[in-house]
Each structure stands twice: as C-alpha cells, then as structure tokens.
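Read the structure below first, then the notes.
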C-alpha cells in the first residue's frame, strides 16, 4: 500500500528508482512501515533492496557540511590551544593543572572529530535508504563511540575551566564550589558513561541488532544527558561572574573577560539547541540524517568551550 501511494511505476526498476529515490516523503513512509512491522533481518533486506534500487541516483547529503564544520573547528581549536600554551610558557614558564587538563580535552576533542569523519565515511549524513546495509554495524558502533567520547570530552573541558577558576580566583567560597562541582561532574560522567557503555545485554547488541537480548531506551538517556550537560554549562559559566563583577580591572582586561564569558554563553546556547535536536532524535526513524543537528551542535559547543578556556586568564 505504501508503494502504491507513491504513484510510481512498479513494473520498471529504472522508472521506479527515478520516481522514488528523491521522494523523501515516500521513503520516510516506507522506513516507518519497515521499522514498525519487520524484524531486524527483514529490515536489513529492505534496506539492501532500497540501497541497490537507488544506487547511482542523485542523493541528498549533509556530509560536506559535517566535514566542513569538523575540519574548520578542529583547526581553530588547535590554533587557540597552541597560542594558549605559548602564552603560558612565555609568561609563567610553567603549566598548571588547568593547562594539562586543557591538553587532554583537546586530544579527546580531536579524537572525537576523527570519529565524526569516520562516521561520514560509512554513511552518517545521508538518508537511511542511501546507506549500504553492510555498514549498519559500523554506524551503530559510531553512534555508541561518539556518545562516550562526547561525554568524557565535555566533562574534561569543564574540569579545565573550573581548575582555571581555582587558579585565578582566591575567594574561599568559589574554590570550595569548584571542588564540589568537580565531584558532581565525576559522579555524573561515570554514571552516564556506564549507562551508555552497558545499555544492552549483551553489550554487542548495541551495534549488532541481529542478536537476542534487551536494551535501555538510549533515546531517553541521550536526552537526559543533554539536559544535564546544559545545566553543567550554565553552572560553569556563571560561577565566576560575582567575583568578576567585583574586580577592578583595566579596560583591556575587562574586554578579555567579556570575550571569554561571551564565547562561553554561545557554547551554552549551542548546548540548549542541541537539547531540542535530542528531543527530536527520540522519534527519528532516519537517525543518520536527523542526528546531523546534534553532531554539528556538539562540535560547536565543545570547540567554543575549549576556545573559551584559551582566552588569557585574569591575573
């Protein structure tokens, strides 16, 4: 019935592919029908047939956008971190904990971008019917690894920011709050990472859907993680504001502080918008396409957070 509704010629494969493959509404209906009524083995057969039918036809793709954002922001992060390290080496002649944590966060961020590029290579950024079903396992692995790396990278960046606060602000209340926030984030990240890693029993069911077993509702986990991530961003960026307001700084220093806080606020906004995409992700039957917004905003959020840390600290 779904194919009949398309009014495409069903007796000629060439005519059918030309009519169907760019008909997003029809393809979405087919995908929804298959996901709702078929087991995994049948789903793979349908995806394989769709892929072979549409192979060679023009396809909608977001791959170039993902690669552009990934590469540009990775280069910007490297530039700012190098400048930060050179500045620290020139001025203070030594690195402190926030510097080492920043280097770790940068390494994790770049590894996450490598994971992004791998995901694009195997089919992330195109519609599910344009993906070779042979890549299904790899794509599920990509999503799994991405969520783990994102959580760890995000927390590591916040650690660097909080340790920066600890170093440059002498107020006792602020330093105690930093330690409490650090403890909270360690607990949150350990719980979230544990849930993501062990979301299925057996674990391999995360990426091999042909096996028997059970899984948690990962969509709900991702949404909850996005909410907590946004809350942590707001807590982190707002923590030093009372101390900054009370400081008497030269105009140049005030500009530096305003820039640092502004970049941090943009990262918070990116985190908020990411949460909106995460809510839509809950209902998606075309994750490779619909998850695009989450991937882009996650990269922007993490990159801007690192750049925020790289602004010259107030001395």
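From the backbone N, Cα and C atoms, a Cβ is placed for every residue, glycine too.
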Pick from 257-274, 275-292: which range does TrEMBL record as transmembrane segment?
257-274
Taking the transmembrane segment (99-124) as the reference, which of 66-87, 178-198, 218-245, 294-314 gives the largest number of Cβ pairs under 8 angstroms?
66-87
Cβ contacts under 8 Å made by the transmembrane segment (66-87) with residues that lie 6+ beyond its boundaries:
95, 99, 102-103, 106, 109-110, 113, 116-117, 120, 124-125, 292, 295-296, 299-300, 303, 306-307, 309-310, 312
